[in-house]
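Chemist: Quick one: this structure, given as structure tokens, is what I'll be asking you about.
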């Protein structure tokens, strides 16, 4: 699985980034090839999906058994690689942190992304939940049926939400950070919960920029505890990777995975896979996420051959091996993507 956190790792926009060289990736699916001496419950040949503390983008992956789960018979390997990070993150935020119940309302940013689509599907399992989503306008046609109200990510969504729901919303899920933090807090109803689970606005270009990082940081509204107390609002943060690998909550996550797989088997939820990529195409795949071009999850497939470049590709390679500059107006050429039919 390819996640936005992988872009943050690449740029060093995380606490204590690992030293290079390293193999990125935090989730995968595949077939069990070998077992530790004391491992029970799995056999060689089992189809599994797993969390990995780095090193997931590889042909062979090793991870502790507590992070491994069997794949349902009718789930494909690509769906399985798209499942753990997105759905566990969405479930934990909605039900463990924010206590989603019947009749509540949720605002989710990047509604077309992997977590956004998982949030929308899980909200649909609870009666009368209203979902407000923001996404790039070109995604609206594809995802309009998954949320109740959809807004352009560049529009004034605060006023749009208040026009529909004058009191605001019960839950805000923010993966953007920056100025959206203050906007999200302003939209919360009394006893509402704001959850920050990412900071994608701090990922800007090919390299880490101190100035862009600082700009995003200073746009964050500084939280006054007294104001939270007076307004009866809850502010929270969520990091699945820290929960798994630093805070040793693998047992809790296993219980959540059991519930999610039950929902999958009952046809209540289903991972949305945007596209499959060869390992050699990881640069282009990362660019697609960076540009917010994906609907659902991007998957790296170790068995897939690279897709040949088309003649009108905006990043054709010259004979010298250097990329030519993007041609103006070539944004439509992002469609050179190996989409799943």
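Numbering starts at 1 and runs along the chain as it is shown here.
Using N, Cα and C of the backbone, Cβ positions are placed for all residues, glycine too.
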Chemist: If you check TrEMBL, which stretch out of 272-306, 307-341 is marked region 'Disordered'?
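Modeler: Among 272-306, 307-341, the range TrEMBL annotates as region 'Disordered' is 307-341.
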Chemist: Across the domain 'Enoyl reductase (ER)' (1-300), what does the pLDDT come to on average, as a whole number?
Modeler: 90
